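As structure tokens, the structure follows; a few thoughts come after it.
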């Protein structure tokens, strides 16, 4: 008991009772039914044997339950991480080989270690460097790539590649070998699943089903597709007609695995592990936060990293591959009434039971049906509206999004993330390097000051008051200097310049030096330099610089005070 | 005449007269005397034959005079660019080989093209991404590296390397072969030049010299050292005693050269060309700006890029190597009364005359004396005070500076620039990702609102007013969300949250989406979300988003208005 109390999970374990157990069990049952086909399908997407998907849905759930902070997050294989896995391992080992499976274990271990480190260093903030535009562009482009990569299973041909041009040319090259039966099953399954997703629930409700029942029936759609297709293949012996099937899945408990400790391999996988960790974390934390807020709970992002790190390390030790919190399944878990991470533990038990007992049933499952479940799932990731909104709201954010989408599609997922992050940082630097500067004047006889270009304001003859709307730092200090000096050289009568700092949230050491230079250069021009309305924390910093000693003018508390003073000096 | 009027130089050419010519001639004479030994020395530092330094002081000056915007900038070989040249070409070709000289031409051409492109694209702002801390750290570390690299000439041994550990171990390895005469000459020259620099002018002034004369005499110090050392070597035949001399310098006009058009070479030199362009531009523009301001003139940074680009392309065509505006020589040019870029043209003519007539005199010039002039020049680059100030002012800026210094010393100059820029961008992202957030309350019965932690203010029972002091963008929007939701989950009685935006200078699309999410999540908690004091340009942007339609509360014009309204609602 004492040992247990040190676990993060003790938070909820200590008050655990039968009522909670009943709720969690119900949620676990529904999530298990949903997770079985998904696990098989995402393993296929990652280029791994089907059972690896099941294994990745057992131990990782226990790891997260022990260390995570969300009550309802459902962890396991997800589409985007599976794509990242396929793309990074595909460059190193051949799909289907032992080396490929081992590399997947190593990738899970590395991602887990990286997440743990980030969590222990409380460095979850690195995820913030991914802007929404970049993430949204990344997910949309990944959705397109994933859907395209699954077309080969629908057509029954072989194709490969990790970018759109590679995939498409490979698909076209193999098009003449397509299998008619596979295509029929694949298209039928895809159409059925789209119909289930879009219309079944409404139909059931109209037929008088209760909302809960309609929900469960429509969630079971994929299961129906699987059962029917297995029976079809078995009865018509379609596997002998060229329909590719899942085949034998080893029955039994997951193996205990040790990822290969190979330095070259680790070095090659490290960039992918970092991308997987950050993308996985961002996705996971955002759904965890949404669900927590709905019950007025909160989550701790750094503990989320520990939970996800533990999940990935557990995955590496239990025959799996990289995992993270899934959006759809977490919402299902929440809606089905999960109350604590015990729901995850029970789901793991459910998947374990399936692995022990049900795997022989999947022998005749056509891969085309798994591909159909993937396609239907990822099409919802493609968010054209987000692209439109971003375009309308900000052209610069759109630039980062567009760069991400194009690079993911044309060069691959990792390059896309790197380019997207670089573009959004460059955009930030570029925008803040050209701050909005307003020359302000007095509004009527009030103490308010406004931009003289937008308002009818009172100005001074020999003084200029400039308000700069940005933190002063290295990227914009030179710009400020140039604009100030240009203005000074254009106004020969100028005697005073006031820099109004109401919106200056920080001044870094480059900017302090620049202000010292401006002060000095204005002095050689015979112009006095003042500051006004410097914020408390910024003033604290300035106290440690030379600027305040050297300043030819003063630091004024308010714009109004300095305006009055300069006005009197003019008279 | 019509053609001339299209040239940027027409600005000053059109009003050129005898008076200006007289002033410019005087300045040109002094700069020429100063530039001859410097040109020879910096060529030595770059690992190039002595005449290349002279050539780089002829055509580039004409190129700059035609296109540059500063009236007094003196262009030519400088220490830091020579070091960058040596370090980048040294990795490609052997010092002393034809390939090495050709690579220097190619490097000048590439730098010139890159500067021209930046100038034409009006992209001079990229230089802003180098913070003062990084530049200052870079220059200090370069000074240490350069001084260390010259010790071999003082000792008369051979050594190589582009980082401090390489240089030092190479120096120690060769220490037993040192030449006593070289050491004597080198140490004497160094000591003499330090004395000239630090004490001669004051001494002359005390002896009753006029200030102008004292200035010229002390500027001629290096010339005296050169003359005396040449005579010593000649008379005592020290070149036969192991003193390394400059030797034959080809006499005559500079050759017309065509840099090699070799794609592999260009690719290898491109990173160095970019670093040289940006470092050269930053150095040059800052001295040009300082000097322009002293005469209440201004410069155009993008035209500076054109001028420097033209200078480097001219250098590549005229047997030189990369050049930029030099700090010391520009100040000398300014102090000596230069009025227009014609001073640069006349300086070029002076150097050309020296190349035609004086080169035989330099045959016996000991390399140790050139090394001494370099050491004395670069020691002034080492700025320990700047390190101390930065440490005192801001630990984060110091981190960027320290990283730059260490990486330049340990790994080399290019890696240093890259690491320095990366660290300063990371620091910016890190700082802005954790913005200052103040919960504010009413000060007395005024319309002022202040942080409740710092001031005694009136708060509301069921409402929180939060002022965020940073632009809202991708790196901090998640942080804001977490803090807001945490606060909401900790105050069960909360009914209203007001985000006060006085210091929010921009809201990007990530932040808008986050605000929409916050609004939605607060709504599920039964909390109304308000904005207050949104700035004009920010409000313009918000009009294009969904936020304003979805907002559960209102956008209030002032903190006071919303406070009053919520206060009345409480009663």
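Quick reminder: no glycine exception, Cβ is built from N, Cα and C everywhere.
Taken from TrEMBL, the feature transmembrane segment covers A:72-92 (among others). Sequence-distant contacts of the transmembrane segment (A:72-92) (same chain, six or more residues past either end, CB-CB distance under 8 Å): 31, 35, 38-39, 42-43, 45-48, 53, 56-57, 60-61, 64, 99-100, 103-104, 107, 138-139, 142-143, 145-146, 149, 160, 162, 265, 268-269, 271-272, 275-276, 279-280, 283-284, 287-288, 291-292, 304, 307-308, 311, 320-327, 329-330, 332-334, 338-339, 341, 343-344, 347, 374, 377-378, 381, 412-414.
If you look up TrEMBL, you'll see A:98-118 (among others) marked as transmembrane segment.
Counting same-chain residues at least six beyond the ends of the transmembrane segment (A:125-147), those with a Cβ under 8 angstroms from any Cβ of the stretch are 45, 79-80, 83, 118, 162-164, 167, 278-279, 281-282, 285, 301, 374-375, 378-384, 386-387, 390, 397-398, 400-406, 408-409, 413, 416-417, 420-421, 423-425. Annotation source TrEMBL lists transmembrane segment at A:125-147 (among others).
Distant neighbours of the transmembrane segment (A:178-196): 153-157, 218, 221-222, 224-225, 229, 232-233, 238, 241-244, 366, 368-369, 371-373, 375-376; these residues of the same chain sit at least 6 beyond its ends, with a Cβ under 8 Å from one of its Cβ atoms. The transmembrane segment annotation in TrEMBL covers A:178-196 (among others).
Counting only same-chain residues 6+ beyond the ends of the transmembrane segment (A:216-236), those with a CB under 8 A from a CB of the stretch are 30, 33-34, 36-38, 185, 189, 192-193, 196-197, 200-201, 204, 209, 243, 245, 332, 361-362, 364-366, 368-369, 372-373. What TrEMBL lists as transmembrane segment is A:216-236 (among others).
Within the chain carrying the transmembrane segment (A:268-293), a Cβ under 8 angstroms from the stretch's Cβ atoms is held by residues 69-73, 75, 78, 80-81, 84-85, 87-89, 91-92, 103, 106-107, 110-111, 114-115, 118, 124, 126-127, 130, 135, 138, 299, 301, 304-305, 308, 322-327, 330-331, 334, 413-414, 417, all 6 or more beyond its ends. Feature annotation from TrEMBL assigns transmembrane segment to A:268-293 (among others).
The transmembrane segment feature in TrEMBL is assigned to A:305-323 (among others).
Residues or ranges marked as transmembrane segment in TrEMBL: A:343-363 (among others).
The feature transmembrane segment is assigned by TrEMBL to A:368-387 (among others).
Sequence annotations record features per position, and here TrEMBL assigns transmembrane segment to A:399-429 (among others). Here the transmembrane segment (A:399-429) has Cβ contacts under 8 Å with residues 83-84, 87-88, 129-131, 133-134, 136-138, 140-142, 144-145, 162-165, 271-272, 275, 278-279, 387, 390, 475 of the same chain, all six or more residues outside its ends.
The feature domain 'STAS' is assigned by TrEMBL to A:453-571. In the domain 'STAS' (A:453-571), the DSSP tally of helix, strand and coil residues is 56 helix, 21 strand, 42 coil.
The predicted model assigns the domain 'STAS' (A:453-571) a mean pLDDT of 90.
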